[in-house]
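Right, one structure below, let's go through it.
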């Protein structure tokens, strides 16, 4: 069986580093190939709290590659940049058309709204709740929400749960559960 793969899209500036790193790390522990793509190239991205992350590739170079999941980290202004990007729109449209999963955490669900990605139910950082509700989404305060092929989560403090849910969906509950003890997580 082929290894599952995840694409994490980094905004040019302002992605939430915990959501990028924790999500990617947990997925890698779950034996999922993780590709970090820079929206504005493969140069280091300055995240919301000042950390710099070096993408593996430019998003445009993997735009047509198939991934099991495309993940949008939150943070500001990173989430707004994702919401305004035509390239992100095209990647999400392709992911929906191919039946792949999409994950968005923190404020990143606003990119789902702006790019017309449908979901029955979402969650997010409280700062964008009203915008999502006004955009027609049914909203939940749950820490992680799975609605069809869309996985959303609330913010940095829910990044482990978000990532474990993705591992569960791609590799099964046993694989996800097996990762908890070695990371000393208390969920």
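A Cβ is built for glycine as well, from the same backbone N, Cα and C atoms used for every other residue.
Swiss-Prot annotations:
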{"type": "ACT_SITE", "residues": "19", "note": "active site"}
{"type": "ACT_SITE", "residues": "106", "note": "active site"}
{"type": "ACT_SITE", "residues": "125", "note": "active site"}
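In this structure the alpha carbons, written CA, of residue 125 (active site) and residue 106 (active site) are 4 Å apart. Less than 8 angstroms from the CB of residue 19 (active site) sit 73, 74, 75, 105, 106, 155, 156, 159, 162, each of them six or more residues away in the same chain. DSSP assigns residue 19 (active site) to a helix. For residue 106 (active site), the count of additional Cβ atoms within 10 Å of its Cβ stands at 32 [all protein chains shown]. DSSP assigns residue 125 (active site) to coil, not to a helix or a strand. For the recorded site, residue 106 (active site), the DSSP three-state label reads coil.
Every protein chain considered, the tally of other Cβ atoms within 10 Å of the Cβ of residue 125 (active site) stands at 22.
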